[in-house]
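According to TrEMBL, the protein has these features:
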- Cys142, Cys145, Cys199, Cys202: Zn(2+) 1 binding site (BINDING)
- Cys159, Cys162, Cys185, Cys188: Zn(2+) 2 binding site (BINDING)
- 4-68: domain 'J' (DOMAIN)
- 129-211: domain 'CR-type' (DOMAIN)
- 142-149: repeat 'CXXCXGXG motif' (REPEAT)
- 159-166: repeat 'CXXCXGXG motif' (REPEAT)
- 185-192: repeat 'CXXCXGXG motif' (REPEAT)
- 199-206: repeat 'CXXCXGXG motif' (REPEAT)
- 129-211: zinc finger (ZN_FING)
Amino acid sequence: MATDYYAVLGVRRDASQDEIKKAFRRLARELHPDVNPDPKTQERFKEINAAYEVLSDPQKKQVYDLGGDPLSSAAGGGQGGFGAGFGNFSDIMDAFFGTASQRGPRSRTRRGQDAMIRLDIELDEAAFGTTKEIQVDTAIVCTTCSGEGAAPGTSAQTCDMCRGRGEVSQVTRSFLGQVMTSRPCPQCQGFGTVVPTPCPECAGDGRVRSRRTLTVKIPAGVDNGTRIQLAGEGEVGPGGGPAGDLYVEIHEAPHAAFQRRGDDLHCTVTIPMTAASLGTKVPLETLDGLEEIDIRPGTQSGQSIPLHGRGITHLRGGGRGQLIIHVEVTTPGKLDPEQEELMRRLAKLRGEERPLGEFKPGQQGLFSRLKDAFNGR
Ligand SMILES: [Zn+2]
Ligand SMILES: [Zn+2]
């Protein structure tokens, strides 16, 4: 039986191209090997790629909708013409007439739901990656009944109302003659079996809630909202069905000194006018430890000093962003008589007693701040 590409992408069969594209992008972000190197996840990543290849291509989609698998026919070289890519005749009949739809008793075992947990991390943990222990509360398989739902020593019995078929039929007369209709068996809810003595631990559900501690590897470069997928760590399904996935959503705590924009970090240092003019060194605790920031003589307010490779590690590999230090120069006010005398002397020596100023259109400060906002994320 061909893979259900719609289910792989989690879209309805009548989904639009736009919905298909959105679903694919969302999954691709979550399951990308860089975010999630886990082999099971990579397997799913391949699946969604295959599903998208088929469903995004109108021709392949049509073949698939008619019951064929366009990917397997491409691998076989393709015979061309009508019939290429079709599995067998009964597949096509199933596609047209829905004879493949569910018949007989439904399984008590179903896949569990995905779960999501929020994880708060610090900026340096996002920059370099980390390993975290998290507590998760999910459904796990009931150990008392091993997920069967029956009390120890008992077992599920074939339903006597439907004789295990899961549905009951009724014959009614109409003007067309006798019509037979089927509906799910009311005694076993369509399961075909009944559990006379449910497990006391899980009340017959086959699963119980439990708190576990998981170790999660957080790759370097994650950002607010990044989701890390842990395959099979979500809720166990009813009847001991396979577990859904667990998504760990990253929330990055604000840092006291640095603001993150993409993989760059920004901070502002305020220095007095004298230091800006003469040059100085200021200590800064970067993510990599204490560093001396060299303020060159004659540094202007608004100037920025980039430190390459001191930002966040790029999630997709290949180095780190920069740490950009924006310099703000403070003008000394409230001068005592001696300082004022010195200032006046300095102004005279520099010929700046009556500066004409330099006029430009607009507000420089405001413009540069706006530019920063646009250049940021
Ligand atoms: Zn149980
Ligand atoms: Zn029944």
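From the backbone N, Cα and C atoms, a Cβ is placed for every residue, glycine too.
Nobody curates TrEMBL annotations by hand; they come from automatic prediction.
Structure coloured by features recorded in TrEMBL.
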residue	record	Cβ contacts under 8 Å, 6 or more apart
Cys142	Zn(2+) 1 binding site	Gly149, Cys199, Glu201, Cys202, Asp205, Gly206, Arg207, Val208, Gly240
Cys145	Zn(2+) 1 binding site	Ala151, Pro152, Cys199, Glu201, Cys202, Gly206
Cys159	Zn(2+) 2 binding site	Gly166, Cys185, Gln187, Cys188, Phe191, Gly192, Thr193, Val194
Cys162	Zn(2+) 2 binding site	Pro105, Val168, Cys185, Gln187, Cys188, Gly192
Reported mean pLDDT - the domain 'CR-type' (129-211): 90
Long-range Cβ neighbours of the repeat 'CXXCXGXG motif' (199-206) (under 8 Å; 6 or more residues past either end): 108-109, 141-145, 147-152, 238-241
Filtered binding-site residues, from Cys145, Cys159, Cys185, Cys188, whose Cβ is under 6 Å from an atom of ligand 1: Cys145
Other CB atoms, at most 10 A from the CB of Cys202 (Zn(2+) 1 binding site): 22
Of Cys145, Cys162, Cys199, Cys202, binding-site residues neighbouring ligand 2, Cβ under 6 A: Cys162
Residue numbers, six or more beyond the limits of the repeat 'CXXCXGXG motif' (159-166), whose CB comes under 8 Å of its CB atoms: 104-106, 184-188, 190-194
Extra residues within 8 Å (Cβ to Cβ centroid of Cys142, Cys145, Cys199, Cys202), Zn(2+) 1: Thr143, Thr144, Ser146, Gly147, Glu148, Gly149, Ala150, Ala151, Pro198, Pro200, Glu201, Ala203, Gly204, Asp205, Gly206, Arg207, Val208
C-beta crowding around Cys188 (Zn(2+) 2 binding site), within 10 angstroms: 26
